[in-house]
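Annotated in TrEMBL:
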| type | residues | note |
| --- | --- | --- |
| COILED | 249-310 | coiled coil |
| TRANSMEM | 6-28 | transmembrane segment |
| TRANSMEM | 40-60 | transmembrane segment |
| TRANSMEM | 90-111 | transmembrane segment |
| TRANSMEM | 123-148 | transmembrane segment |
| TRANSMEM | 207-240 | transmembrane segment |
| TRANSMEM | 332-355 | transmembrane segment |
| TRANSMEM | 375-402 | transmembrane segment |
| TRANSMEM | 422-447 | transmembrane segment |
| TRANSMEM | 475-494 | transmembrane segment |
Amino acid sequence: MGDFNLALVIVAIVVCVIVFLFNIYLLVNYQHPDDANQAYFPKFVVVLGLSVAAISILMLPADVANRQACRHAIYNGACNLTLPMKDLWLAVYILDAVLVFFVIPFAMFYYEGDQDKSVGKRIKSALLWVVTTAIVCGLVLGILYGLIGEVDFTVRHLSSTTDGFPSQWNSFSSGQQCIGGSHQCSAYTANASSEKTWTMRTTFPEYVVALSTIVGSVLFAIFGGVGIACLPLGLIFSFIRRPKAVITRSQYIKEATELAKKARELKKAADALHQEERSGSKGRKWRKNVKAVEKELLQLEEDVKLLEEMYPQGEKAETTWALTVLGYLAKLVLGILGLIVSVAWVAHIVIYLLIDPPLSAFLNEVFIKLDDIWGLLGTVAFAVFCFYLLLAVIAGAMMLGLRLVFVTIHPMKWGATLMNSFLFNVGLILLCSISVIQFCSTAFAYYAQATAAQEIFGHTLQSLRGIKYLYKYNVFQIAFIVLAGLTFVYYAAFGWRRKKPSGRFQLSS
């Protein structure tokens, strides 16, 4: 067993190093050329945030493996030699909350500050915003913790007398489970009056994690419900809308001329908006026009990319076209696999979470059987389902962000992502990762039973005074399923169509 624990520690360290290096790779390849060799602090925050989000998702499978490390122990105290998962959970999620509510906002305020100001003034302005946020958050958390920072556990009061150690056990049966008479020592035979409410105050770190989870759960229910459908269907419909053949040179010149015309119109509109910003007329109409220009710009970039795919140029044009075809085929395959995982997720939520009592343990039993085939196979499948849910949240956020006027658009693009977009998306991922872990620990409670995550997210959170009813009546799960169904209907009706730009800018000057 000691060897198993040592191996688990080594695997955890290796995985953390791999995650850190992979996030550096993502940063280097996604960053905008304008951010090269500068903005080092925001880059450090991005790598740290992505690493914390990925490690937090991987910690739940590690928690399950850690529980299994002392499952067959033959001496007392064996589990004391395993990883201190509860302390690790609290440390990771306190760091998560600090990054989301303080560090990332500071980095964004500093990065987006007026470049004409000195570094000291930009730091001062960013600190002012962050300190104000910290004071408000601290007051709210302190007041809430002092007033309702307690958990109410429903328990049964059971009792029995004592007796001498018997030489035989014939006196005990299913009808007589107690010693010395009709005492209430069985939860199955105890009457309803034996139910009591046991109230205790939770720790402040657990309370911070709980409230962060509530904020993330709202975003998770919206973005995750939309993303669980749009992630696979978006890949499938991308294959359906793919360019079917290479166009002629004359067609290419015609389309390129039209795109150049749209680009000039966009530049003219952007210059006018910039002039309005300098004059100080930044009203509701100005913000609306900014959103419209951003959407048109994204659509123009998609049109340019599609035109380049339809008319590959250079000496390796045929190879480029072949890779394009293979890329769309890969999207089809990944879309079908993702659709299977999405359907499995929705079915599991309905069967195991919404129906009481559950019809079946479903995916829990699948993971257990996979563990029986090979020790880590179930754990790997478990991690894949958790990661897929986080990817669905990101896909849903990107879809809604491109369609809602009041949501800031922060697209992630290979080789063209500014640090403020990076920071925004990392904050969103961190905030939702807490809820993904809580959702997974609830959805796979049978597989992840007796783990530290189950103790934090399964018992304390769902018994917390004031918010326990959101989990008791499955509010987030129902919202998730409803939005997934609506998104599926939307994609089935309109997903195959290609959105055209409106080309309208209501400029005030």
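From the backbone N, Cα and C atoms, a Cβ is placed for every residue, glycine too.
For the transmembrane segment (375-402), the most Cβ-contacting stretch among 123-148, 332-355, 475-494 is 332-355 (pairs under 8 Å).
For the transmembrane segment (207-240), the neighbouring stretch richest in Cβ pairs under 8 Å, chosen from 40-60, 90-111, 475-494, is 475-494. Looking just at the coiled coil (249-310), the mean pLDDT is 81.
Under the criterion of 3 or more C-beta pairs below 8 Å, with sequence separation of 6 or more, the transmembrane segment (90-111) and the transmembrane segment (422-447) qualify as touching. Between the transmembrane segment (40-60) and the stretches 123-148, 332-355, 422-447, the greatest number of Cβ pairs separated by less than 8 Å involves 422-447.
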